[in-house]
Amino acid sequence: MEEDFSSQMKKMALAMGTSLSDKDIELLPTDMRHHGSFNYLKFFKHIRKLHASGQLDDAIHTAFQSLDKDKSGFIEWNEIKYILSIIPSSGPTTPLTDEEAEAMIQAADTHGDGRINYEEFSELIKKEKIPKKK
């Protein structure tokens, strides 16, 4: 059975280390969906809006810890792949492709070591360097 939009948005938020209530889901802009697929860039922007500036650093820290599955202090390709594996490929959301995930790592990886540390991750979120979905 396919999950509804609300369930998938809650999973996405959990994967990012935060959560969305049913009320938050209702407040999501309708333009976040385009031709039945999900607009990740608008989702990330909206999540940042849900957290007041005083809460943004905490939200980023929580999201980083959630994504850093092995607690190495880095988000690595295998951890990105894990997140991709828990996002359903059908329904109102479209998971990132391998190429889009690689583009995200490259956008954030300012040190060029193929992985994302906390500072790079924080900068990615704060500076909106998330690559656009094709």
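Placement of Cβ uses the backbone N, Cα and C atoms for every residue, glycine included.
What Swiss-Prot lists as domain 'EF-hand 1' is 55-90, and the listing cites sequence analysis.
The Cβ of Phe74 (Ca(2+) 1 binding site) lies under 8 Å from the Cβ of Asp68, Arg115, Ile116, Asn117, each on the same chain and at least six residues away in sequence. Residues annotated as Ca(2+) 1 binding site in Swiss-Prot: Asp68, Asp70, Ser72, Phe74, Glu76, Glu79.
If you average pLDDT over the domain 'EF-hand 2' (96-131) in this model, you get 80. The feature domain 'EF-hand 2' is assigned by Swiss-Prot to 96-131.
Note: Glu120 (Ca(2+) 2 binding site) has non-local neighbours Ala108, Asp109, Thr110, His111, i.e. same-chain residues 6+ apart with C-beta under 8 A of its own C-beta. Among the features that Swiss-Prot reports, Ca(2+) 2 binding site is placed at Asp109, Asp113, Glu120.
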Next on the checklist: At a 10 Å cut-off from the C-beta of Asp68 (Ca(2+) 1 binding site), count the other C-beta atoms across all protein chains.
Outcome noted: 20
Next on the checklist: When DSSP is mapped onto helix/strand/coil, what comes out for Phe74 (Ca(2+) 1 binding site)?
Outcome noted: strand
Checklist outcome for this item: Excluding Asp109, Asp113, Glu120 themselves, the Ca(2+) 2 site's Cβ centre has within 8 Å the residues Phe74, Ile105, Ala108, Thr110, His111, Gly112, Gly114, Arg115, Ile116, Asn117
Checklist entry - How many whole Å apart are the CA atoms of Asp70 (Ca(2+) 1 binding site) and Asp113 (Ca(2+) 2 binding site)? => result 17
